[in-house]
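What TrEMBL says about this protein:
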{"type": "DOMAIN", "residues": "30-145", "note": "domain 'Plastocyanin-like'"}
{"type": "DOMAIN", "residues": "154-318", "note": "domain 'Plastocyanin-like'"}
{"type": "DOMAIN", "residues": "423-544", "note": "domain 'Plastocyanin-like'"}
{"type": "SIGNAL", "residues": "1-21", "note": "signal peptide"}
């Protein structure tokens, strides 16, 4: 009965809120703060002194207005609303150098946009490596007509954590030779992790990590998810990791996957889920009939040889004593390089019934070859032999006012047919560029992401790619080099999932399709922070004729050539 009452109350709140549709107005200040995210003191980027930042709870159709004040003393800041399409408000997307200028220290910028899409989303910094510094939080957008039925829900925001500052990391990655930042020291669940100890150490034999001990109100003490028996709980999971691909499991429980990147999927049940940086999921967890046990929730590293201890938190049944320990060890994270297992999970994801399938044919095809390269001895990533370098003046402003046309030339849409993706590049050198591809409004575009070997040795990495301003259909995955005219025949055109982030697996390709129905300038990039910072991204401009008519707020363009233009206009 309690479950039914809980759900009815939720529905009433949603309907009343939707009918009133009042704006959600927030005043935020971004500051550096000392915190203990993994039981070791470090500096985090906090919003209103909170780390992670405050959770935004909204209903589809709400207008969100955030007055963001930069209280950092020496650097700019922006925030990207990951999963929100920003239809009609591209300047609110929060991508520095693409849709807006960074907000200078002491200044306030107004983000004003409509959350048109329900689902599990999050927000994060999109300037330098500020996401790695902890600038992130959950954003939950509910639907007035929620199709899922459950008794309660929990948010799990997953991240990785380094003890080295992000400024030191940025310097290391841009040095010659590059100094790799290494694997994270800790994994965090809702901003909490444990370094150099483990909650489950008492299960290990012959040494290993010591057992973690916590004092009351310790910032690094794991949150406990308290549940009742014979109930259904929705776990909303988002990964904002800087580097790590992750796997999540709940000891003794199955997980039913029902949502991916804010879109319902055909439900399927698994023991655990892989989740890459930039992805979100909802899973339903059904509790057992007994009420006095505790179970580990584990998060471990996938896709890279791990050197980081699992993050653990506790699923605590109602009658379990706070002093009790789980009776079983946490699930073992699958082997990091079991890519067959990772691909099998991705290939289980299909759109739920009722979703519109993709158009049967595309109007344009763009093949993007991912390679690791050099520029004057500096290690870079490149797309079609162009390493992305975002200009000082945001693309959106340059296009709107007809500025910097030399920066806005599109690279050739060509695929290097004879490139051997299985070996290091014969010619490792690349060039910098703005990586801007222009499309007219209302066409169907296929993008094929092609992976390749790295600069040295025999290796190819996972790259989770995220598209701003859109969802896309994931048409399929393949091994080896994409074969135009052949591999298109394998596409799933019946029920492919809608996503905004998708994995590109080692030595393979991933195909996606989207419609250019959102005039603006949109980032498309690897969501691994070091890879983007080293050039792994492109930019899509669509509906340029409509961008030329946009009434872009001046505060979005107070840098570079647009700042000079606005200043001159103000003198007249």
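Even glycines carry a Cβ here, placed using N, Cα and C.
The helix, strand and coil residue counts that DSSP assigns across the domain 'Plastocyanin-like' (30-145) are 3 helix, 54 strand, 59 coil. Averaged across the domain 'Plastocyanin-like' (154-318), pLDDT for the predicted model comes to 94. The helix, strand and coil residue counts that DSSP assigns across the domain 'Plastocyanin-like' (423-544) are 10 helix, 55 strand, 57 coil.
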